[in-house]
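J.: Shown below is the structure under consideration.
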Amino acid sequence: MLSLLSTPRLVPVIARLRGLSGCMSCLQRRYSLQPVPVKEIPNRYLGQPSPVTHPHLLRPGEVTPGLSQVEYALRRHKLMALVHKEAQGHSGTDHTVVVLSNPIHYMSNDIPYTFHQDNSFLYLCGFQEPDSILVLQSCSGKQLPSHKAMLFVPRRDPGRELWDGPRSGTDGAIALTGVDDAYPLEEFQHLLPKLRAETNMVWYDWMKPSHAQLHSDYMQPLTEAKATSKNKVRSVQHLIQHLRLIKSPAEIKRMQIAGKLTSEAFIETMFASKAPVDEAFLYAKFEFECRARGADILAYPPVVAGGNRSNTLHYVKNNQLIKDGEMVLLDGGCESSCYVSDITRTWPVNGRFTAPQAELYEAVLEIQKACLTLCSPGTSLENIYSMMLTLMGQKLKDLGIIKTSKESAFKAARKYCPHHVGHYLGMDVHDTPDMPRSLPLQPGMVITVEPGIYIPEGDTDAPEKFRGLGVRIEDDVVVTQDSPLILSADCPKEVNDIEQICSRTS
């Protein structure tokens, strides 16, 4: 899924990251944690799957599929280590991190959207109920990163649970997530006087609160009260995103699963695209194949763009017929166990590339393969983007689409590919959006590589045979110390492979 070339938030973020110089080692350092006390999970349905009620999804000790209480505790520990580093030189002897969950959002009266947890909240505790608060509080007499983790959760309510399903309650929240304590949500107000103290530095994202009501009830008054103190409320989001950049082995395994099942869904969708075909049918086929293989939801509304519509980068209407002889560009991904995939393929719906289609497709494929070889430690997405533009300028000249100097070819490349080469990937499609693309890549980072060439049918500068063609090829890549690990490697992209799949009989 494409993202914009730049964002105005980068300058302050880069400044903050300079203050964290050396903190990448914090992410890779070995930590010694006290064993997480094992607490018996209630033998009842909670507000989310548990090892007791869903043993086919979770093993004992896991909070979410594949991710244990120990992993979540380590994340909180690392976050408090970053808080400790950034707080040096500031007054305040106590530190409290506050992270809000998402609320339920409604599409119309009494009709909710499918609930999706705030990913920063989810990353730190794995709790998947709305209207909750996570608090990480430094321990008196102990140095950070020692802390106490607390959840404030909705109280169990038989009346509401009759309609909305079970809630975990405080006992379920503690046993499932492994936090130290849990309290009913309304008791958070009793913590506020301590947070207002001059000696307490509060870390909370007051500029973009994830839960408007909880912010208004609790955190906005606190933020305003501390605005004139020496210890103003400080943002924690950039620290959380700094952690989320580097995926653990368990996270990479979840992303491998998402990549594999999405690749299989692409294969089945390619096979089903017999011309003429409705974009809506391919949308439905792709979603079905993802869900049938275990995906929770699609990661985003997919682009299913036939013919000239592939030149609309975020085309999501998906309601037109794709004619015989046209290609379809499908940009789609799924979410599986909190982690997402993001893959794009372009293919002819009748199963055979025309000569101009194959010519343009092979050019994009060659650029994409060259960019994949650059996905190694020390380079950056910006470096790869610059290389993509250089290669694309040359390819556009080779194809006869442009006839200009080297400098003009670089400019033309931006015309025919107006988006970046990729973005970070993880729990979000456009993961860790405050992290600049100029950061050196490190082992454990996951990125997309997605060059494309788009030639609208009204572009009279291009040869007529290419007009109306749009091609993008996107893979998901784990940066390793050795060669890149392609999470979407099972998704065909060679011309011969695509044509064989589209022409198979069963």
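From the backbone N, Cα and C atoms, a Cβ is placed for every residue, glycine too.
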J.: Looking at Swiss-Prot, TYR300, ASP331, ASP342, HIS423, HIS430, GLU474 are annotated for substrate. Which of GLU362, GLU450, GLU494 sits in that same site?
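T.: Among the candidates, Swiss-Prot records only GLU450 at this substrate site.
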J.: Report, as numbers and ranges, which residues of the same chain sit near the region 'Interaction with TNFRSF1B' (54-79): CB under 8 Å and 6 or more residues beyond its ends.
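T.: Same-chain contacts beyond the ends: 26-27, 31, 33, 36, 38, 97, 122-128, 136, 145, 147, 149, 176-178, 236, 239-240, 243, 248, 250-251, 253-254, 337-338.
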J.: Around the C-beta of TYR300 (substrate binding site), how many further C-beta atoms are within 10 angstroms, looking at every protein chain?
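T.: Excluding its own Cβ, the number within 10 Å is 19.
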J.: For the recorded Mn(2+) 2 site, enumerate neighbouring residues of the same chain (Cβ within 8 Å of the Cβ centroid of ASP331, ASP342, GLU474, site residues themselves excluded), in sequence order.
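T.: The answer, listed by sequence position, is MET1, LEU2, GLY332, GLY333, ILE343, THR344, THR448, GLU450, ARG472.
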J.: Taking the residues TYR300, ASP331, ASP342, HIS423, HIS430, GLU450, GLU474, which the record names as binding substrate, find the longest CA to CA distance and state it in Å to the nearest whole number.
T.: 16
